[in-house]
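Here's what Swiss-Prot has on this protein:
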- Lys111: active site, schiff-base intermediate with DXP (ACT_SITE)
- Gly172, Ala198, Gly199, Asn220, Ser221: 1-deoxy-D-xylulose 5-phosphate binding site (BINDING)
- 258-272: compositional bias 'Polar residues' (COMPBIAS)
- 249-272: region 'Disordered' (REGION)
Amino acid sequence: MDSPSPNSDPLTIGGRQFNSRLFTGTGKYPSMTSMQQSIERSGCDMVTVAVRRVQTVAAGHEGLMEAIDWQRIWMLPNTAGCTNAEEAVRVARLGRELAKLAGQEDNTFVKLEVIPDARHLLPDPIGTLNAAEQLVKEGFTVLPYINADPLLAKRLEEVGCATVMPLGSPIGSGQGLNNAANIGLIIENAGVPVVVDAGIGVPSEAAQALEMGADAVLVNSAIALAGDPAAMASAMSQAVMAGRTAHLSGRLPRRDQASASSPTTGLVQSPQ
């Protein structure tokens, strides 16, 4: 089997194709230049943007809309900062208008985040489901950020979400895939793409997610807070491609006992 290249193995979400299975963010970078270089080195073609921070011109987000080539990069507006379903729906609508200002008139994507707890940043399952139902009715392409809950993931798929985005571990924690077993169940049962979002700290964890069968990963903090963000972005890109190739290749089955690599017949016998 030939190794897939990004162009020969696209990911489709909401009818749109993406060549890269690594999505990135725009927060926490030391500078706008660092963000631009990291996006370029990552090879990604979808970047998430916090609508509220852009709307209020929060620190670190000045000039963000002008800093990214929106003819090449697909915008994924997100509802970060929303604590309930009603807020999230309102901010999603603003995000759609923001995408239009970037020249993406047909962009209906939204990364849905409903997070009432500012300390642990864990998503509210009930608020997320309620907001998702409303946004789907309004024609949005909904990518919901959720705990690694297989039942919730299936319910969100049933109401019309374009993906599910289970967390590996809490946002920005760098703890990796603490919920690997549940993520595996989500992948096994999903009829929509599964994008692992949050907690990935190093490229090996991004590769692990793709090896398991996840369709993509979204990585922000691990890149933005690295000693060399652009180099880390490149490493993440390579890891994602390696993980995807490994998944398609099929891993060696696990065994309870050793299995010799060399044949056991025709061995040279030592003289008696």
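The backbone N, Cα and C atoms fix where each Cβ goes, glycine too.
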Residue among the binding-site residues Asn220, Ser221 whose Cβ has the most other Cβ atoms within 10 Å: Asn220
10 Å Cα neighbourhood of the residue listed as 'active site, schiff-base intermediate with DXP': matching binding-site residues from Gly172, Ala198, Gly199, Asn220, Ser221: none
Assigned conformation of Gly172 (1-deoxy-D-xylulose 5-phosphate binding site) - DSSP reduced to three states: coil
Annotated 1-deoxy-D-xylulose 5-phosphate contacts Gly172, Ala198, Gly199, Asn220, Ser221, maximal Cα-Cα distance (Å, integer): 9
Secondary structure of Ser221 (1-deoxy-D-xylulose 5-phosphate binding site) (DSSP, helix/strand/coil): helix
Other C-beta atoms that fall within 10 angstroms of the C-beta of Gly172 (1-deoxy-D-xylulose 5-phosphate binding site): 17
Long-range Cβ environment of Gly199 (1-deoxy-D-xylulose 5-phosphate binding site), under 8 Å and at least 6 residues apart: Leu167, Gly168, Ser169, Pro170, Ile171, Ser173, Gly174, Gln175, Gly176, Leu177, Asn178, Glu205
Other same-chain residues whose Cβ falls within 8 Å of the Cβ centroid of Gly172, Ala198, Gly199, Asn220, Ser221, the recorded 1-deoxy-D-xylulose 5-phosphate site, in sequence order: Pro170, Ile171, Ser173, Gly174, Asp197, Ile200, Val219, Ala222
Cβ contacts of Ala198 (1-deoxy-D-xylulose 5-phosphate binding site) (under 8 Å, same chain, 6 or more positions away): Tyr145, Leu167, Gly168, Ser169, Pro170, Ile171, Gly172, Ser173, Leu218
DSSP three-state assignment for Gly199 (1-deoxy-D-xylulose 5-phosphate binding site): coil
